[in-house]
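Visitor: Take a look at this one; I'll ask things after.
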């Protein structure tokens with residue numbers, strides 16, 4: 001009789017969390033495929049990030065740290081987790097939120113509202129800078145001039161410099177971004193496909209820009225994108241496109257990143273690498289970390305000529321050319337020649353001279369804050 005009752009039980013009905021062996025599991029962890037409970041997921045998710053921070057010595061007590069905040073899942077979870085770990089483990093950091101408004105109607109305006117709510121929820125000071133204020137152009141205006149084909153070049157270059165300029169305004173020591181393991185694996189593949197040796201040699205570094213004015217850190221280097229989505233859904237954190245992300249994750253039809261990407265980049269080259277990574281992850285979750293490990297182990301031949309970094313003659317930003325890419329692109333826009341800075345330099349501002357490179361001075365951060373980009377005051 002007892003044997004028949006035991007056979008009638010549904011398989012897995014009495015299964016417990018494989019970590020604590022006390023509570024019922026609520027999810028299969030994407031990174032390891034372990035069946036774990038809510039509490040254990042919180043613990044391992046946060047502890048792994050803490051170990052990455054401590055193991056790589058990302059911060060020092062007393063440092064001012066800006067968090068690049070877009071209002072999306074990565075930056076919102078980063079802001080929450082970093083503020084929690086800072087309090088729990090006594091990092092001794094002064095944290096700030098830094099947001100960039102690209103001027104994309106229907107995309108950035110909504111997510112900035114999320115960042116403003118995060119400012120109140122987490123008690124972190126917020127600084128917002130816009131492309132319009134920094135460069136005199138919004139992305140809407142740039143797209144009207146350049147079209148949809150090359151607009152990602154403008155947005156990526158402008159956004160990177162805008163974050164550095166915002167960090168300089170806040171007088172921070174470090175800038176942290178929400179780049180996750182999926183992002184880094186995608187970047188490794190992209191740099192291989194493009195033959196970009198310079199970027200390939202540094203794209204897996206957890207800290208970059210140490211020779212520049214403000215180093216950048218990636219605490220989520222080994223954190224899977226799907227887990228970053230699961231974490232706030234269980235905690236009910238407030239971030240943009242949460243409902244869609246969870247619906248897609250549950251339906252298991254999430255083969256590419258959710259649509260918290262720019263409306264102007266539906267066919268961006270990175271999207272194809274992202275889809276390939278997602279296909280690999282479905283077959284073998286460990287593939288993401290393996291690609292990152294491969295990128296870390298790449299060795300550049302000593303005969304390979306690498307670009308030497310100096311400073312832009314116009315705005316003082318780090319550049320291996322006479323003018324930085326932002327100034328070249330901005331010059332083209334202001335002259336009505338938006339394609340002038342697209343592709344590799346051939347003639348023009350950076351192509352008709354023998355560049356002289358020099359190491360950025362120690363006062364680069366101050367220079368970056370005080371100088372103008374292109375012909376616009378900053």
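Positions of Cβ are set from backbone N, Cα and C atoms, glycine also.
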Visitor: In TrEMBL, which of the ranges 303-340, 341-378 has the region 'Disordered' annotation?
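Guide: Among 303-340, 341-378, the range TrEMBL annotates as region 'Disordered' is 341-378.
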Visitor: Using a 10 Å cut-off, grab the number of neighbouring Cβ atoms around the Cβ of residue 74 (ATP binding site), all chains included.
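Guide: Within a 10 Å radius of the Cβ of residue 74 (ATP binding site) lie 24 other Cβ atoms.
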Visitor: Could you give me three numbers for the domain 'Cytoplasmic tRNA 2-thiolation protein 1 C-terminal' (310-340), the DSSP helix, strand and coil residue counts?
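Guide: Across the domain 'Cytoplasmic tRNA 2-thiolation protein 1 C-terminal' (310-340), the residues distribute as 13 helix, 4 strand, 14 coil.
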